[in-house]
Amino acid sequence: MDRIRIVGGHALEGSIAISGAKNAALPLMIASLLTPDTLTLENIPRVADVGMLLQILSHHGVDYSVDGRRPGEEPHASRTLHLSARNIVDTSAPYDLVAKMRASFWVIAPLVARMGEARVSLPGGCAIGTRPVDLLIMVLEKLGANVEIESGYVRATAKNGLIGGEIHFPKVTVGGTHTALMAAALAKGHTLITNAACEPEVADVADCLVKMGARIKGIGQPTLEIEGVGSLHGASHSVVPDRIEAGTYAMAVAMAGGDVVLERAVPDHLESALDAISQAGATITVTNQGIRVRRNGAGISPVDISTAPYPGFPTDLQAQFMALMTKAKGKSRITETIFENRFMHVQELARFGAQIKLDGDIAHVKGVAELQGAPVMATDLRASVSLVIAALAARGETMVNRVYHLDRGFERLEQKLSGCGAVVERISGAS
Ligand SMILES: CC(=O)N[C@H]1[C@@H](OP(=O)(O)OP(=O)(O)OC[C@H]2O[C@@H](n3ccc(=O)[nH]c3=O)[C@H](O)[C@@H]2O)O[C@H](CO)[C@@H](O)[C@@H]1O
Ligand SMILES: C=C(OP(=O)(O)O)C(=O)O
């Protein structure tokens, strides 16, 4: 198992190229199941989740090729993907594939929409919460599918095709909105979706569906209207830059100090997080290349945040912001409203000497003057990178174990940070 070694205390200077968003790339790849033509996706990040999803899509019969792969690199080291679901050979997604990555459950929508049937294992319980799929099942039922749960599998059938309908989400759900858009794109007639997720990744997938021939109104808004079409065709689409990766590096600069340009980062996608980072004392400027983040001299100010669906503060940046607050000059409150168990980084941050008390969905952070490097363990994707942020400002050496969590969603993290002067190295295969 790889580990990452960091020696703290070095300011970050330079630029970091922001990759394509994992959370857009995955549903975009799944959208390839909607058409027998080729879907070309540019700016696909080189992260482990992409490789995992390629295995799942291959199982369904999707052929793919990758441009920009260097000889000898694994298939997940991708840039431009060409996906072709000409022949879907299997509409069933087995437990051993789906349990490894929650987003793989989303194949259910295009499979039932195009093939009239799908049988997909319930996704594995994830460390950050129970993460039910009741609202995704509700979507399929509202569009006329018959859904049964049998032996840990969700079986959805619509032998005569899906039929447009009205879907109101009682709670904002990203996966539920992806499911509704993909299913409604091929359903007969009109679908109205209310209280839809407005995350930029949802809009990115909707934009690609439109390029494929879907008829969608209201993209980026909580109310979406879809007029179903008989079939979708091939298209070419570039994945939106990863706002979570950009926000993470912005917080790393705010923590370690320095001056870094986040190339290709989209400021409009990060307003609430950038606002919190500036309140914490960093200077944010929008440049032609992306976002410039600086913090020199002055300490970190405490800021209270509460996670919320977009455009609120993203839950996927909560752990990173907590790491920043561990060195603030005072007390801050961090409230997690999306996932009930997304505080596993708290006990690992304590190993650096951070002072954090948990009270239900609120973490009370009392900033300390100095953090100390320590051996720590990554527990989930964003928790892992919060440990990296703490380590960058800690005195001495930190060893982050179980970095496979981090590799799910961060492309070449150690190269990007060391390119800006951080002392970060991967120790491959260490136990
Ligand atoms: C691959 C991907 O894009 N993952 C993102 C996606 O996850 P994901 O799409 O799984 O998250 P959702 O937006 O669906 O979850 C939001 C809330 O709704 C609840 N819920 C969801 C579905 C359902 O059927 N029933 C239900 O109760 C969840 O438990 C959670 O409390 O959005 C989350 C919220 O921004 C992000 O943290 C994840 O990084
Ligand atoms: C929680 C995340 O991903 P997933 O929904 O795939 O678990 C994430 O990207 O932070």
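Don't overthink the numbers, they just go from 1 along the chain as shown.
Yeah, the Cβs are placed from backbone N, Cα and C, and that goes for glycine too.
These numbers come from a predicted model, not from an experiment.
Database features (TrEMBL):
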DOMAIN    8-417  domain 'Enolpyruvate transferase'
BINDING   Lys22, Asn23  phosphoenolpyruvate binding site
BINDING   Arg102, Arg131, Pro132, Val133, Asp134, Leu135, Asp316, Ile338  UDP-N-acetyl-alpha-D-glucosamine binding site
MOD_RES   Cys126  2-(S-cysteinyl)pyruvic acid O-phosphothioketal
ACT_SITE  Cys126  active site, proton donor
Could you tell me the mean pLDDT over the domain 'Enolpyruvate transferase' (8-417), as a whole number? 95
With neighbours defined as other CB atoms within 10 A, the best-packed of the binding-site residues Asp134, Asp316 is Asp316
On a C-alpha basis, identify the one among Arg102, Arg131, Asp134, Leu135, Ile338 that is nearest to Asn23 (phosphoenolpyruvate binding site); the candidates are the binding-site residues. Arg102
With the Cβ under 6 Å from ligand 2 as the test, give me the qualifying entries from the binding-site residues Arg102, Pro132, Val133, Asp134, Asp316, Ile338. Arg102, Asp316
Rounded to the nearest angstrom, how far is the Cα of Lys22 (phosphoenolpyruvate binding site) from the Cα of Asp134 (UDP-N-acetyl-alpha-D-glucosamine binding site)? 24
Contacting binding-site residues for ligand 1, chosen from Lys22, Asn23, Val133, Asp134, Leu135, Ile338 when the Cβ sits under 6 angstroms of any of its atoms: Asn23, Val133, Asp134, Leu135, Ile338
When you look at Arg102, Arg131, Pro132, Val133, Asp134, Leu135, Asp316, Ile338, which the record names as binding UDP-N-acetyl-alpha-D-glucosamine, what is the longest CA to CA distance in angstrom? 22
Check the DSSP secondary structure of Asn23 (phosphoenolpyruvate binding site), expressed as helix, strand or coil. helix
Give me the non-local Cβ neighbours of Ile338 (UDP-N-acetyl-alpha-D-glucosamine binding site): same chain, 6+ apart in sequence, Cβ-Cβ under 8 Å, ordered along the sequence. Thr307, Ala308, Pro309, Thr315
Find, among the binding-site residues listed as Val133, Leu135, the one whose Cβ has the highest number of other Cβ atoms within 10 Å in the structure shown. Val133
Rank the binding-site residues Lys22, Arg102 by the number of other Cβ atoms within 10 Å of each Cβ, and give the residue at the low end. Arg102
